[in-house]
Amino acid sequence: MSSVRVECVAQEGCRIGESPVWDEKEDALLYVDITGRKVCRWSPVTRQAQAIPVDAPVSSVALRKSGDYVITLGTRFAALKWKEELVATITQVDKDKANTRFNDGKVDPAGRYFAGTMAEEIRPAVLERHQGSLYTLFPDLSVVKHFDQVDISNGLDWSLDHRTFFYIDSLSYSVDAFDYDLQTGKIGNRKSIYKLEKEESIPDGMCIDTEGKLWVACYDGGRVIRLDPETGKRLQTVKLPIDKTTSCCFGGKDYSEMYVTSASDGMDKEWLSRQPQAGGIFKITGLGVKGVPPYPFAG
């Protein structure tokens, strides 16, 4: 295990870096800065990030089969044309709520875009509870709401056989599993598969590796942890030099590198002086496992 290496590859100083996604076509890492209101694309070749500013908190980005990207922006699902820097609303959710925004989102193996909402934060992780819901944007651009009463809708992914949907509602301190029907996109039979320990703090973004194990970024925990969803055991902990780890994905040529986003919101000067890389993008190598390429939105 001693070969694991953590490196800050982009000192972007994101306020809330989130939703890393590897874009194979561009050989680049996509991610968002939620409160910084920008969608970013970092190239390992130039080691530079380009950013496109948007008009609301942008919480997730996904590939689109027809090209370019889809994003969750405020309470909207939207299309993003990168070169033109054009954003077009697809549809809006939570119309009955003045105070919510989307948070994490990801595309399922059938090309549906799952994303959930939460109340706007008063301070990081402090917010009115039970205001969020989990939604799916279908390829025909219709939207289904799965359930509400969510605190902070967060990490999501699917098992390798596509029969289980994994999901995190952060303030439950739990990683949950649902039965999943790939044909219909329906979920059911929710159960908790892992409860976070005190030092792991708050579960945030999540991804799966080719061995079917989950990786969870621990917000305020300064680490990513590897879990076995079958046994509910933690298999590995990788610590980072910053506290506010927000999400993770696999990328690089063969998906053997892990990329981790982080946040700086809510940190005072003294804290930031101790963790100058807060809000940066980190690359972890030497994990000995690979990830699953992201699915593109089919609509």
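Each residue, glycine too, has its Cβ placed from N, Cα and C.
Nobody curates TrEMBL annotations by hand; they come from automatic prediction.
Taken from TrEMBL, the feature active site, proton donor/acceptor applies to D204.
The annotation divalent metal cation binding site is assigned in TrEMBL to E18, N154, D204. Residue density at N154 (divalent metal cation binding site): 30 other Cβ atoms are found within 10 A of its Cβ, drawing on all protein chains shown.
N103 (substrate binding site): 26 other CB atoms within 10 A of its CB, across all protein chains. Look at TrEMBL and you will find R101, N103, E121 tagged as substrate binding site.
What TrEMBL lists as domain 'SMP-30/Gluconolactonase/LRE-like region' is 16-264.
Counting other Cβ atoms within 10 Å of each Cβ, the recorded positions R101, D204 show the lowest value at R101.
Rounded to the nearest whole angstrom, the C-alpha distance between R101 (substrate binding site) and N154 (divalent metal cation binding site) is 12. Comparing Cβ neighbour counts within 10 Å across the binding-site residues E18, E121, the minimum falls on E121. Across the structure, E18 (divalent metal cation binding site) and N103 (substrate binding site) place their CA atoms 9 angstrom apart. Within 8 Å of the centroid of the Cβ atoms of R101, N103, E121, where the record puts substrate, the same chain has further Cβ atoms from I34, P57, S59, T100, F102, T117, M118, A119, E120, L127, I152.
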